[in-house]
Amino acid sequence: VVNPMLNILGGGGNKGNQLIQIGGVFNSAAAVAVYIIMGALIGDAAKAHIADATPALMIALGVFVVGFIGLSVTKIEEPEQAPVDVSLIKGAMKYRHFVLGVVAIFLYMCVEVGTPTFMLQYMTASPTEATPGLGISAATAGLIVAVYWFLMLVGRFIGGAIGGKISSRAMITTAATICILLLLFGMLAPTSMTTEVPGVDWANLRLTWTEVPVGIFAFMLVGLCTSVMWGGIFNMAVEGLGKYTAIASGIFMTMVFGGGVLVPLQGKIADLASSYMSSYWLVLFCAAYILFYALVGSKPSHKQVQ
């Protein structure tokens, strides 16, 4: 949501992209923490009793009560906002590279969210289920998926460091190409090719080792590619929009609902095909479109909207 402000502060172009990448670091840091904590909690879920959760539930209830009381007695002045000028929306939609960018960010959500979501599902599902998986413990799988988000964090640091020197187009072209290759390897690599990865038995606080197919590592590395895509696509999509930049940014941000559409669709594909790997063809298609956008669709149209 703060991307428009960061882009403006950077003056658009490479500097704007650089600030967007730096801003995304905090998003990735939170994601890393969540997966590690969730994996630890789920890993011991079978041993837990409802009574054990009572103190935590009471604390949570107390926090909500205090928050509700605080909001009830606090007067918040609502800022006056002018009605949206429909002509501005129509004007923004006349820019071909912006419209194609809106589609790109919609599809990007499938690449960013779908890849780790079904990587986790694939690892934790039992081999005997209708859509079989690897049967890895949730604690170990959570740590592996956390690495995906950690690589996004690393990638955004790198993107922030080099974003002022490398164009968004070059950055996204490179990232999308590598992403496609990694997805293909992850999908097609035989599960018999395995390596051991460390995990944590949170109940006994000890280190464990689990065999994981090498294809999982390819999916993990996709995090490095997706790290720079959001900011780069946004930067290219709003380039040269002038007075339409603000409304275009709002339209662009609404496309995050792509994750709510495409990720369930990916799950449906996995169920119909009884294969998690088959569902990644949808992710591959989305990555291919992003490559098309970087190479062709992102080139600003020279037509000036009146």
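Backbone N, Cα and C atoms are what each Cβ position is placed from, and that goes for glycine too.
On a predicted model such as this, the values are computed, not experimentally measured, just so you know.
Database features, via TrEMBL:
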- 24-43: transmembrane segment (TRANSMEM)
- 55-74: transmembrane segment (TRANSMEM)
- 95-114: transmembrane segment (TRANSMEM)
- 134-158: transmembrane segment (TRANSMEM)
- 170-192: transmembrane segment (TRANSMEM)
- 212-234: transmembrane segment (TRANSMEM)
- 246-265: transmembrane segment (TRANSMEM)
- 277-296: transmembrane segment (TRANSMEM)
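The transmembrane segment (277-296) shares the most Cβ pairs under 8 Å with 170-192, out of the stretches 95-114, 134-158, 170-192, 212-234, 246-265. Panel annotation: around the transmembrane segment (170-192), residues 17, 111, 115, 134, 159, 162-163, 213-216, 218-219, 221-222, 224-229, 232-233, 236, 277, 280-281, 283-284, 287-288, 290-291, 293-295, 298 of the same chain, lying at least six beyond its termini, place a Cβ under 8 Å from a Cβ of the stretch.
Comparison of 95-114, 134-158, 246-265 by number of C-beta pairs under 8 angstroms to the transmembrane segment (212-234) places 134-158 first.
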